[in-house]
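A quick write-up on the structure given underneath.
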Amino acid sequence: MQLKINKNNLVLFVILSTMILPIMNFFGFGIPVIYLLTPLGIGILMLIMFGRVKIPRIVKVLLVIWFMILFQIVVTTLYSTVNKLGYFVFPTDITQYVVRFVFLVSFIVIAYKGYIDKDKFINYFLIVLIMGMSIGILQWLPWIGREFLTNVYPFKDGIDQLKNLDRPLHLIRIHGFAQHATGNGGIASFALVFGYCVKKYYKKYNILSLILIMMSVINIFISQARAGMLAAIFSIFLLYVVNIKYEKKGLKSTIYMLTLISILALVVYYLYNSGNPYVVLAYDRWLNLFETGGGARATTQPQYFFSMMESADYFFGLSKPIINRSLISYGIEIEPLNIFVTYGLVGFIFHYTLVAFLLMYFYKKISKKVEDKATLTLIIASFVGLFGYQIFSVAYFFFREIRIGLFPWVLMGVGIGLYERYKLKGLSNKSKEIKLNNKGNSL
């Protein structure tokens with residue numbers, strides 16, 4: 001018996017799997033392995049630019065918005081570095097935006113052209129996310145491979161992580177395959193959304209979906225990621241809103257939502273009163289955040305950068321090279337503020353025009369008129385996942401996250417590509433029906 005392997009499916013699984021590999025060192029820069037595929041994506045982009053590949057209209061709109069973002073980054077960096085340093089410094093931060101755009105557009109085109117099996121994509125995306133969540137859990141649980149995984153996926157040099165492995169489990173903060181605790185909480189909340197959407201709307205791979213949901217919740221807690229918790233809670237509420245829009249049954253969805261909230265509240269209350277160390281620690285961390293007014297990200301970081309800004313900087317920003325040379329080289333850990341400080345009001349508008357455009361696109365497509373359940377699932381997961389990441393960005397980065405930042409863009413790309421293909425096939429079928437009806441009438 002000869003084993004047949006679909007090359008497209010194999011390539012898809014390999015590409016998705018590279019997103020959970022540890023970052024590699026490239027000329028002194030840490031980059032994800034999947035970034036090595038960027039030249040292929042640029043090739044696809046060039047074919048689009050020269051009109052060699054037919055694309056849906058949305059890609060043209062995205063091209064314009066993204067070009068404005070890239071152009072603004074260059075202008076900001078040119079103005080700010082020459083004005084403040086006396087010479088131009090190349091904006092290396094533009095790389096993150098180019099890579100995201102290349103992968104978004106590439107996956108739109110590949111899915112639109114029919115090279116992605118939607119069922120296989122959902123299956124593989126579930127498996128890859130489960131593998132990613134497994135890394136965090138295996139870094140946390142005491143077993144023989146714990147230190148190995150901590151060394152393979154270290155936060156910075158990993159020394160502090162290794163020192164803390166002797167602590168009680170509830171005091172160990174893991175960084176997972178994101179190699180950053182907060183970032184791991186963010187991708188875990190995103191994975192939670194994807195797992196739920198597959199179970200609720202696709203109604204396949206139920207076991208994989210449940211495994212991913214449970215592992216995602218565990219990762220959020222063992223990462224001690226408050227931003228991940230916030231994003232997960234908001235995403236649950238947003239899924240309730242989406243369900244009302246889709247089902248057109250507000251009362252049923254509301255009763256379900258209130259019941260779920262009540263059960264969760266009772267469970268958390270019981271665990272806290274019972275002295276559960278995980279719940280108590282999470283409560284104490286939230287309490288400390290409120291008592292400190294949001295911590296340094298909400299106080300000293302913004303104050304420091306606003307004190308550096310001149311009048312023109314409020315419109316064009318300080319630029320990343322200037323921030324890199326400051327006392328807080330990573331910027332403000334509240335991304336909307338960080339974008340405003342780095343790229344000014346103009347850059348802020350361009351960035352969130354892109355986000356708003358994508359959110360509106362996905363939201364408008366959520367309807368029972370979309371009979372393809374796989375496509376509908378990806379559209380809903382993209383909408384809630386993107387919105388959830390904007391909530392997450394009040395404590396960390398969405399646009400600038402390097403290690404696991406491509407996950408939402410890949411999902412959105414495939415979702416858009418499959419929907420546009422589904423819409424095109426629907427129009428084609430309608431056209432055929434009209435022609436057949438016309439022939440019948442003429443006879």
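Positions of Cβ are set from backbone N, Cα and C atoms, glycine also.
Note that TrEMBL annotation is computational and uncurated.
Copied over from TrEMBL:
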TRANSMEM  9-27  transmembrane segment
TRANSMEM  33-50  transmembrane segment
TRANSMEM  62-82  transmembrane segment
TRANSMEM  94-112  transmembrane segment
TRANSMEM  124-144  transmembrane segment
TRANSMEM  177-198  transmembrane segment
TRANSMEM  205-222  transmembrane segment
TRANSMEM  228-246  transmembrane segment
TRANSMEM  253-272  transmembrane segment
TRANSMEM  340-363  transmembrane segment
TRANSMEM  375-398  transmembrane segment
TRANSMEM  404-422  transmembrane segment
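Long-range Cβ contacts of the transmembrane segment (9-27) within its own chain (Cβ-Cβ under 8 Å, at least 6 residues beyond either end) map to 33-34, 36-37, 116-117, 120-121, 124-125, 127-128, 131-132, 135, 152-153, 177, 179, 402-404, 406-407, 410. With a cut-off of 8 Å on Cβ pairs spaced 6 or more residues apart, the transmembrane segment (94-112) and the transmembrane segment (205-222) reach fewer than 3 such pairs and are scored as not touching.
The stretches the transmembrane segment (340-363) and the transmembrane segment (375-398) are in mutual contact, each linked to the other by at least three Cβ pairs under 8 Å (pairs 6 or more apart in sequence).
Beyond its flanks by at least six residues, the transmembrane segment (375-398) meets 118, 121-122, 182-183, 185-186, 189-190, 193-194, 197-198, 201-202, 226-228, 230-232, 234-235, 238-239, 242, 246, 297, 333-336, 338, 355, 358-359, 362-363, 365-366, 405, 408, 411-412, 414-416, 418-419, 422 of its own chain at Cβ-Cβ distances under 8 Å. For the transmembrane segment (253-272), the list of distant contacts is 236-237, 240, 243-244, 247, 278-280, 283: same-chain residues at least six beyond its ends, Cβ to Cβ under 8 Å. Long-range contacts of the transmembrane segment (124-144) within the same chain: residues 9, 12-13, 16-17, 19-20, 150, 153, 161, 165, 169, 172, 174-177, 184, 187-188, 191, 194-195, 198, 205, 208-209, 211-212, 215-216, 218-219, 222-223, 404, 407, 411, each at least 6 residues beyond the stretch ends and with a Cβ under 8 Å from a Cβ of the stretch.
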